[in-house]
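Worksheet for the structure shown next.
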Amino acid sequence: MTRLKGNYIGGDWVWPASAASFDRTNPARPDEVVSTAPESTSTDVDDAIAHLSEHRHAWAATSPEKRADVLVAAADILATQAQDLAVELVREEGKTLAEATMETTRTPQNLRFFAGEALRMTGETYPTGDGSLVFSRREPVGIVAAITPWNFPLNIPSRKLGPALAAGNAVVFKPSEVTPLMGQRLVEALVQAGVPSGALALVHGHADVGRAMVANDEVDAVTFTGSTEVGTAIHGVTGVDVRTQLEMGGKNALVVLEDSDLDRAAAIIAKGAFGLSGQACTGTSRVVVHEAVADELVRRISQTAQAARVGNGLDEGVTFGPLANRAQIDKFCHYVEGATSQGAVLVDPDGHQADPPGGGYFVRPTIFRDVDPLSDLAQEEVFSPVLAFITVSSYDEAVRVVNNTKYGLSAGIVTSEISRAIRFSEDVATGLVKVNQATNGMAMNAPFGGMKHSSTQTFKEQAGASMMSFYTTDKTVYFTP
Ligand code: NAD
């Protein structure tokens, strides 16, 4: 068990005056406490932000080279720790060791990428014709509140703290209450690398801590990744002077038509739907399939689902870890029961129960066919390995089904027809479009973000120049020598 160091405020690791705490347990063995974290309040948040407000200017005035060096040093620290971090990540969050290792490898790469961006914060000059000069100046926004979910507890925060710090902002960071240890590990590396106390604060806790961050008048920008429900609540609170970036839920569809290669489609669906035990924002939760190939595709995916080795992500050969917590299990059961009552057919009736030793939060990959495209299972984000097959009879009907949800994060198609692939990329209302690839997975240097209720689309979360736009503010300067 790891008792966390506390919150990181004003350069010190401190516990709230009340010393209140909460335990995070291993989702594969819920009797094992993995981390004990401070149960902070708005007082802790306000203290943290007050310190940043007073001391943030030194980091903003640091040269871009220095800021880049610090981020690279943090990346080096995390890269050295990658194997140990992966084990801690499995115990705290539940993914398999292979999945955790991908995350602990990617996180330092993200920091290196943003280190480079520190050096590319360029402005522009504008012709005047009268001997004067007009130019734009890019400056840090100020204090950034970063609020993050549990499913990528290193990776997603690194894509917020990295660019924010690269641009010279100060950051107050609230990791998910499900993964506080990972939050501490990231901040430890940044502090050890040289991020000053005036540029970084960490406050642990639940929703109240996030609410207090969003409500604090000193905060200039809020970057949030999490559910659409919470993102919508944040959107209703932030003022016009607070730039707000919300990356939220998805109901991602993969389209398989009569011309699709079914072997290829089956492999792509298995990766998209069952990777990370279905707990990825871009995971495939709907398969929109032509009636001519539906039976065969369902049969193949069912076989793959049955072959999943469910268990503790640290155990040899396990391919499918537990869900993150009891709330995830409850949500899973709610949708499995609701789908049956709304007429969907459970493909493998005993398939969704899983009971490895240890009493963990285990389920099996679960498939429904003949799902009504307007039913809850087809419309709402389940965020677990429940896959809905929806049968259609044409490409046009498939596109209508893909677009007929409030979400717009990722959509894919399996096809060898180039014209159909290009048309699909035009027709679907999603921020990510995948051709012959799983709906999940992202390139670290490409724009990432959704549409509709999946994202504010104000700025893409990770996107080279546009990503840095969120963390910088522009002034236009008129200058006569
Ligand atoms: P969540 O929305 O429940 O919580 C996210 C964070 O917000 C947590 O730190 C939580 O404590 C905090 N929070 C809760 N209520 C708050 C409030 N009222 N004000 C401020 N902060 C508050 O999400 P989760 O369960 O941690 O993560 C799963 C969700 O995240 C899924 O919906 C998934 O699709 C989404 N997600 C989206 C992306 C993306 O890039 N689009 C990536 C990963 C996860």
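From the backbone N, Cα and C atoms, a Cβ is placed for every residue, glycine too.
Automatic prediction, not curation, is the source of TrEMBL annotations.
According to TrEMBL, the features are:
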| type | residues | note |
| --- | --- | --- |
| DOMAIN | 14-477 | domain 'Aldehyde dehydrogenase' |
| ACT_SITE | E247 | active site |
Seminar exercise, completed: Students should find that the Cβ of the residue listed as 'active site' has, within 10 Å, a number of other Cβ atoms equal to 29
Seminar exercise, completed: E247 (active site) -> DSSP, reduced to three states, gives strand
Exercise. Given the model, what does the mean pLDDT over the domain 'Aldehyde dehydrogenase' (14-477) come out as?
Worked result: 95
